[in-house]
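**Student:** Dropping a structure here in structure tokens format, bear with me for questions.
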Amino acid sequence: MEITKLTAIELSKKIKQKELSVEEAVKATFSAIKKREPYYHSYITVNEEEALEQASKIQIAIEAGKFADSPLAGVPIAIKDNICVKGMRTTCASKILEDFIPPYNASVIERLKDAGAIILGKTNMDEFAMGSTTETSYFGATKNPWNIECIPGGSSGGSAAAVAAEEAFIALGTDTGGSIRQPSAFCGVTGIKPTYGTVSRYGLVAYASSLDQIGPIARSVSDCAATLQVISGADDKDSTCVKAASYDYVSALRSDVRGLRIGIPRGYFSEGLDAEVKKHVLEAAAFFKEQGAIVEEFDLEAVDYATPAYYVIASAEASSNLSRYDGVKYGYRTADFDGLQELYKKTRSEGFGEEVKRRMMIGSFVLSSGYYDAYYNKALKVRALIKQSFDRAFERFDIILGPTTPAAARKLGQSLFNPVKMFLGDIYTVSVNLAGLPAISLPCGLSEESSSDKSAGMPIGLQLIGKPFGEKDIIRAAYTLEQTKIYQRPKLID
């Protein structure tokens, strides 16, 4: 039995049935990390000594009858490096936080620990979650386990790569404009971006506070649903966190879409979408129709303006959130300065990477007095129109189906020379964040064509978008599709 190939739910069940121990699961995972990390670079920090100590404690607790109802008891989990874990370095993949060690746990970490999960370490990401390739990390780029010449996506690229490379059973990521769904699509795994307010953001280092949301990445819909069930729920430490009627997402794991109304936005399948992606996504639509779902095309208005609106709003919020990193209280401080102004200037200039500086400059510009109405206010109006457009769509449909990305993963280095191309890679995902909706990305095929900037045999993902707090519908549809497919896995380097 290859332990690292099990799903998280299978692993936890075998631990409870005494077919293997928590320590064996943790050791098997760290063995995979040691073999593969030189090639993939999924992690920034690993936590082997403490993970093994936790494994021993969790094993004793399980044998004493605790965690009987937890689907994650004994499961090794990776955490994106912008989520605070007490006593563990949390860098946001930035020089400016290179040595920052939080004195507290994020709420999601407390909930994972309460469920008996084991924290493996912190995964690589785009600096401060600004990027969609995981190439802007101060600690170096992460490689896609399907092909190390290709990007894993971003900004949660380390989390997606770790799961795909069997270096973690589950990983937490964050999604501000597609940063869970896009790398999940590129790495051939499953990722859920929950409804805004479903999961507490307490302990998440902020990028754009009205858009950020924490969610799970795993190798199955079941593992994603189980993890989301554990980390969801109201939290007094996050005023934007909503108390929902139910967080029982595991009950949605049934193969039945009869009568489910699925909308296909025509605009998602127009110019700019790779032909192979279009083919596989439409095949999934045909499958749902065969299974008894009601599938119809429709026009989703205003989403063509989602990308520019998103980058105006997200950059504006980032310029405010990142103003706290000035070398005074914590984080990197320049060694040589003359006066407070020079301390600020040199610390920020030396501590932030180019992409972060670019977005902070955009944010400061659109918030300036001469351009506030021309850019920021207009972007907020577009955001409202997009939300209204989705509201009208969900009067007719239960879920919306489309591609996660315009194409499969490109080769490393392509986006760094063309930031606009990187921004446009989020064209199908950012509108979901602007509207605060839930969405899941799951694999639906592999690419066949290769060229100078892309390779054959790379995963293609589709996206299912739900109504606010409609996670159960998208999980049910995703699970139904998953049950009919034999998913290929990458040929990993050992």
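Please read every residue number as a count from 1 along the shown chain.
Cβ atoms here come from the backbone N, Cα and C positions, even for glycine.
The active site, charge relay system feature in Swiss-Prot is assigned to Lys80, Ser155; the stated evidence is sequence analysis. The active site, acyl-ester intermediate annotation in Swiss-Prot covers Ser179 and is backed by sequence analysis.
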**Student:** Between the active-site residues Ser155, Ser179, whose Cβ has more other Cβ atoms within 10 Å than any of the rest?
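**Tutor:** Highest number of other Cβ atoms within 10 Å: Ser179.
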**Student:** DSSP on Lys80 (active site, charge relay system), three-state: which is it?
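**Tutor:** For Lys80 (active site, charge relay system) - judged by DSSP and reduced to three states - the answer is strand.
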**Student:** Between the Cα atoms of Lys80 (active site, charge relay system) and the residue listed as 'active site, acyl-ester intermediate', what distance do you get, rounded to the nearest Å?
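**Tutor:** On Cα coordinates alone, these residues lie 11 Å apart.
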**Student:** If you count Cβ atoms within 10 Å of the Cβ of Lys80 (active site, charge relay system), leaving out that atom itself, what do you get?
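**Tutor:** Excluding its own Cβ, Lys80 (active site, charge relay system) sees 31 Cβ atoms within 10 Å.
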**Student:** May I ask for the distance between Ser155 (active site, charge relay system) and Ser179 (active site, acyl-ester intermediate), taken between their Cα atoms and rounded to an integer number of Å?
**Tutor:** 5
**Student:** Could you say whether, by DSSP, Ser155 (active site, charge relay system) belongs to a helix, a strand or a coil region?
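**Tutor:** In the DSSP reduction, Ser155 (active site, charge relay system) maps to coil.
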